[in-house]
Amino acid sequence: DVPKAPEPQGDSDGPHQGSLCDQHCAAINNVQGDLGCHQHRPHVPPVLPPPSCCQQHSDEVCESCVVKTTLTAENAVEANKLSNNYKFGFKKWKSHVTARPWEDRSEIVKELYSDLNIIRGSGGSTVTCGNVLYLLLFGWWLSLLYVLVAAMMFITVVGAPYGRLCWDLAQYFLWPFGKVIQKVEVPKSCQVLGACEAGAGESSALLGGPVPRRWRPRCWANTGYWQCAGTVVWLCLGYPVLALAHGLVCVTAWLLVILIPVAKLSARTATRVLLLPPDQVLIRRLRMTEVPLEGEVILCCYRAVNPYYYKYAVDGINVFAVNLLPLVLVTLVLGYVDSHNRLTSSPIKFTLALLSIMPLSYYIGMAIASISAQSNFAVGAVVNATFGSITELTFYITALIKGSREGNRCYAEIVKSALTGTLVGCVLFVPGLCMVIGGIRHQEQRFNSRSAGVSSALLFLSVGGVFAPTLFSKVYGKLVCGECHNVTQNPLGHYLCHNCHFDLMENNGTLYYSHVQPLVYTVSLLLPAAYLIGLFFTLKTHSHIYDIHISDCHMPGHHHSAVVHWSRWRALVILLLSTLCMSACADLATEHISPILTNSTISQYFIGVTVLAMVPELPEIVNGIQFALQNNLSLSIEIGNCIAVQVCMLQIPILVLFTIFYPTNFMLVFSDLHVYASMFSVVLMNYIFMDGKCDYFQGTVLVMVYFILLAVYFFAPSPSGC
């Protein structure tokens, strides 16, 4: 699969070792990804490394391979998107913003997008678990409904042809697999009531059984099909009932995703089959594998269930994001119409608001990626930095505003817990889970230690800067306790105190306003500056650390221009609308979280660290797992590190800046638990990533440490005053 450079003649070991080195490089850097054609290397011809690279051991991996992260793109637009986006994390479930050429797709994917009108070779028995599931969920009652409608049409007399059609469709929908519905043209000579004599009862060697006879009323030829009395009766009595039933089946099957073939079957029946004259609809059972020569194939279904439909996309939008979009509308309607909780309770509205964040984060990520892919580095960086954290910032700001209006400092503590939870989760859980899942397929995975070192340095700097005001307050603040008891009954003995904290507001807040607050503002200015320098380092001056190339996926003579799913203007409109809906959902979440915080026995620390922190990061987790399965662990690690760096260097400074213009209870002073958990996580991550390689065991260590920290937060008491 990998082009080999010609080896010079000779008996020395240098060229032979270089060839092995090339093979290792290909194994490390060949990213199959979501590309569809992974057998091509970069457009730059491969060059043999110097003999000194792999002279010690035959299985040694070139150093030049492990100090680069290979990001493969299908076209220039995808390459531009990768170069502008990967340092900000991937905020969407799938990383493609352009349509892939049809001939480059696999047969599995082609089958997903094909219409149910292709007759293919028999793939075995049609009795499968998925087809039996269709029979239990839809087939039996659809067939019964058709029988009832057929009886009704026969009673009307004029609708008798439709009654016969419904009777045939009742048998079809009971078990539609291996059967075909065709549209045939009726000869003009068949103008009288009854079946056409020419061809009546003729057999087809291709499709078993005789061709069914169809009654053709005389009015169809004289006054037209749509003016016939039988057609009017059918459109008034029979068709609405069946269309409603097929609509219900279509929606249900579409929401279940794996049953999308059933949704296509019902949609085409309601929009095409039931609107045809009955004499033009023929239903036959397939007995041979050749394509029929007469008639147009309307429906031909073999399987009701296809597990690969999770890859299905509508105009570039993943099917899950499409299915979850109505949830956003339901959440907004229930949240703002039922303001007094007459229809639903506050916990249900809070849960719906959190679930609505997932599809909205997808649309925001898709819009950001689309704009970045069609823009230069400056625009891509600005868009990513501005809207990349809009999901989290919207929730944090609305929570701080609500806490300020109610005078409740618990909301500020929830925000701090969510910030810490995002940091800890992206440092421990995201890379750890990627290592475990990727380690199941690959025994040992290597990653770009150079790029991981840059991200780790930024992470150390950001964590140190964020917690600097907290450490400062511990040193110079006055310890104040809410309740103390003398243990030894001696005035000079030992005291046991509870609810102790460092008071920064003593003497009218002199310590805070004169020392801590200026330190907070200074840190909030230095951290974004360091973040911009890090971006400039990795994306401009030292971009050679990352090997971004365009794969040559097409056959010679077939050149395809990149077709972008969303234009820049369309992406901008969707980005603004999604941001507006996100702010509304965040407002509903903060509005209905108060009863949960008040009545729940679970620590408020735990709620902030888990639910509020990790739900918006689900796209990053999914993308990280996909990259790990493709043996591209470098990108999985980058995703977690980049989000953690953004939390410290962008989100927290923006929150501090917001408090300047809108005073809230948010002070950049964290509890001891947040400080210890964050620092320990960063140190452990850097220790694991030190050697540039990992396996599933090291990933298990990171995940277990993350769950131990969650247990600590679960059993920790809620913040004082909440």
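Backbone N, Cα and C atoms are what each Cβ position is placed from, and that goes for glycine too.
The feature domain 'Inner membrane component' is assigned by TrEMBL to 129-179.
The domain 'Sodium/calcium exchanger membrane region' feature in TrEMBL is assigned to 349-467 (among others).
Look at TrEMBL and you will find 571-713 (among others) tagged as domain 'Sodium/calcium exchanger membrane region'.
Residues annotated as transmembrane segment in TrEMBL: 132-155 (among others). Non-local neighbours of the transmembrane segment (132-155) in the same chain are 162-167, 169-171, 173-176, 233-234, 237-238, 241-242, 245, 249, 252-253, 259, 262, 304-305; each lies 6+ residues outside the stretch with a CB under 8 Å from one of its CB atoms.
Feature annotation from TrEMBL assigns transmembrane segment to 317-336 (among others).
What TrEMBL records for 348-365 (among others) is transmembrane segment. Under 8 Å from some Cβ of the transmembrane segment (348-365) lie the Cβ atoms of residues 90-93, 317-318, 320-321, 324-325, 327-328, 330-332, 334-335, 341, 387, 390-391, 395, 574-575, 578-579, 581-582, 585-586, 588-589, 591-593, 596, 611-612, 615-616, 618-619, all in the same chain and six or more residues away from its ends.
Taken from TrEMBL, the feature transmembrane segment covers 377-398 (among others).
If you look up TrEMBL, you'll see 418-440 (among others) marked as transmembrane segment. Counting same-chain residues at least six beyond the ends of the transmembrane segment (418-440), those with a Cβ under 8 angstroms from any Cβ of the stretch are 392, 395-396, 459, 463, 608-610, 612-614, 616-617, 620-621, 624-625, 627-629, 631, 633, 636-637, 639-641, 643-644, 647-648, 651-652, 670, 674, 677-678, 681-682, 684-685, 694-703, 705-706, 709.
What TrEMBL lists as transmembrane segment is 452-472 (among others).
According to TrEMBL, the transmembrane segment annotation covers 519-539 (among others).
Positions annotated as transmembrane segment by TrEMBL: 571-590 (among others).
Annotation source TrEMBL lists transmembrane segment at 602-622 (among others).
Annotation comment: TrEMBL describes 643-662 (among others) as transmembrane segment.
Residues 413, 416-417, 420, 423-424, 427-428, 431, 447, 449, 452, 456, 459-460, 463, 466-467, 469-471, 473, 502, 504, 516, 520, 523-524, 605, 637, 652, 656, 698, 701-702, 705-706, 709, 712-713, 716, 719 of the same chain, all 6+ positions outside the transmembrane segment (668-689), place their C-beta atoms under 8 angstroms from a C-beta of that stretch. Here TrEMBL flags 668-689 (among others) as transmembrane segment.
Annotation source TrEMBL lists transmembrane segment at 696-716 (among others).
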Stretch-level contact, the transmembrane segment (452-472) and the transmembrane segment (317-336), CB cutoff 8 A, at least 3 pairs: no
Tally of residues which DSSP labels helix, strand or coil - the domain 'Inner membrane component' (129-179): 42 helix, 2 strand, 7 coil
